[in-house]
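In TrEMBL this protein carries:
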type	residues	note
SIGNAL	1-23	signal peptide
DOMAIN	100-257	domain 'Histidine kinase/HSP90-like ATPase'
BINDING	Glu107, Asn111, Asp155, Met160, Asn168, 174-176, 195-200, Thr247, Arg457	ATP binding site
REGION	292-330	region 'Disordered'
COMPBIAS	295-322	compositional bias 'Acidic residues'
REGION	485-506	region 'Disordered'
REGION	769-810	region 'Disordered'
COMPBIAS	779-795	compositional bias 'Acidic residues'
COMPBIAS	796-810	compositional bias 'Basic and acidic residues'
Amino acid sequence: MRKWTIPSVLFLLCLLFLLPDQGRRIQANAEAESDVPVDPPKVEEKFGAIPHGLSTDSDVVKRESESMSRKTLRADAEKFEFQAEVSRLMDIIINSLYSNKDIFLRELISNASDALDKIRFLSLTDKEVLGEGDNTKLEIQIKLDKEKKILSIRDRGIGMTKEDLIKNLGTIAKSGTSAFVEKMQTSGDLNLIGQFGVGFYSVYLVADYVEVISKHNDDKQYVWESKADGAFAISEDVWNEPLGRGTEIRLHLRDEAGEYLDEYKLKDLVKKYSEFINFPIYLWASKEVEKEVPADEDESSDEEETSETSPSEDEEDDSEKAEDEKKPKTRRVKETTYEWELLNDVKAIWLRNPKEVTEEEYTKFYHSLAKDFSDEKPLAWSHFNAEGDVEFKAVLFVPPKAPHDLYESYYNSKKSNLKLYVRRVFISDEFDELLPKYLSFLMGLVDSDTLPLNVSREMLQQHSSLKTIKKKLIRKALDMIRKIADEDPDESNDKDKKDIEESSADNEKKGQYAKFWNEFGKSVKLGIIEDATNRNRLAKLLRFETSKSDGKLTSLDQYISRMKAGQKDIFYITGASKEQLEKSPFLERLTKKNYEVIFFTDPVDEYLMQYLMDYEDHKFQNVSKEGLKLGKDSKAKELKESFKELTKWWKGALASDNVDDVKISNRLADTPCVVVTSKYGWSANMERIMQSQTLSDASKQAYMRGKRVLEINPRHPIIKELRERVVKDPEDESVKQTAQLMYQTALLESGFLLNDPKDFASRIYSSVKSSLNVSPDAAVEEEEDIEEPEAETDDKEAAAKDDSDAKDEL
């Protein structure tokens, strides 16, 4: 027995040594054949797995020589030449300076989504086309191989046959013609959208070698490969993982495209361009987790030594020591694991029926769209479908706050807050044609299925469909803003206000329109200036304070409802502040006669009223300009005749000041005189605004200034006395000085700037002298001249002081 026992033991030992070696050989074969690196334990087995793990060494060598990492076309593949237009297209893409390479991922995800849509459509009539197991999962997977610089995008869509690969990826007959390539070549913008064809070739912006592995239910699995050198090859795929169904695209990235191997970069691109794709998009993402692992023997022995030297060890009980010895020693370490991370969890709510979407869903969608992380809800939203020549779906939001630079970059900013999608794929947010500038504060998106695909961005901007979309968007946007006002209890008339307060249990919408107006009121005014078509609609949204509103906002409709019987014009006045306007002499007679006057205090209001001439058959009248009508005055003719000599004399006295006329006023009650401007010229407020402009040109402004008219109050005692003085002695210098001073004072009170403030000050001082009985010839007392000490004396004193200070220190 001993003779056989020793050889048997030796034989068993040999087997034990051979088995690990065979295991290592199997692992080496698997690594050689695999198209992706060996991943941590959580890697999905069927994604990049090796079907022939027990291959011979010769097979491994052969497959390594044909590995895609070498970026060469396989020797046994069937070679084809690209269509001439494709070669030119790829040459443009590869050699042109392209500002936005990011869109390649958008194109590939869009293509994958289309393929998934097709198989889902076929499955409606034939469920068997989906197959079973993982093939039924309609999803898109993105995976990185940082070592080999490979980016993979896989879908379980309809897939392509060999003929489809040749037809779809070797020609652009389906996507356009040579004329399209010519247009693209001249425009210099390669921002293309579409399906397999033109959009697919954007991969060569970032890759110098591309593989397309595809499996259709009606054909075998094939590999399409090309280096963008005018040729491509197709071969039956017998070495990659069987896809079951669908397409996997592998991009061998250029050295300068290394940024696309960053997980965070890919996440951002998916969020930006493909966030609302119908199908889930997964990224094979790394994640750090903490795990407890057994402690090393060396570490545990060190701990034991330390604990032995510790004095507290002696005090422990033997039982506690025994329990500690039984517990295994562990330590916490960080470990990198991989798992599929869902990137597009926000649902495209615009595809649903508006009645089925809750308020919370709209708020969540707004925060996602606006990248707003606050808890504030949007002020309003509008969700609608448009049908007709152009079909599109849209969601618009009014943000709770205006951006800090909304009006600073009003005319310079190209970026819009409205995003354009075509079939749920983000195209651009730089379309000036979708919304006018004054509505650029609105957030939202437009998704159209009818906009033409496979065209450049410039061509899409010129497309006639955009005009139709713009028209409908403006109408819906204005209706949405109008609805904020209609639902606000503060906007109701006093009659209806009590009923609303009694019947409404929820006052959440109270004051919402005032909030909107404080944030975006200037945009409404700019809209009236810029958009003549919707001017009347926008005018209904105007809000302002008046002489009767008690600090609350009023609309034009509310103003008209409070107009006096027989009042035809809407009265307004412009100025720097409400407080200043309330004390204006132009309002004296109007206030006494119980007329309501609108206060416009925003600088843009001056421009606004040049465009808003009338509203609901009522004309606007600036009470600081001539032409004000306040009913008939029975004594008007008598007063005009009575003061005819004074007005004529005064006009002559002010000839050097370019005063056009001196008239009897119908707007003054307590003030002796004011200066008004001609009806179509600048008001005093407008003159002030224009003079404060940085690049204003005084010479060009001269002809825009309104003609100045001095209006006098015939009932004021100063005016009556002045008339008597003029009748007695028209050449009296003191009377002329008084008339000139009164005109300059009226200019200031009327809001004008004086051309010569020094002259005005001198007249005031002369008047003060007269009131104090100081002689006009009294001179200012001369100051006595005191001779200043010479500089040398000062230097000597300073030196002496320094010496004394030095002695004190010693």
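Note that Cβ sites are derived from N, Cα and C of the backbone, with glycine treated the same way.
Owing to the predicted nature of the structure, the values given are computational and were not obtained by experimental measurement.
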All-chain count of other Cβ atoms within 10 Å of Asn168 (ATP binding site): 21
Confidence summary for the domain 'Histidine kinase/HSP90-like ATPase' (100-257), mean pLDDT rounded: 80
Listed binding-site residues (Glu107, Asp155), ranked by Cβ neighbours within 10 Å, top entry: Asp155
Entry from the binding-site residues list Gly199, Thr247 having the most other CB atoms no farther than 10 A: Thr247
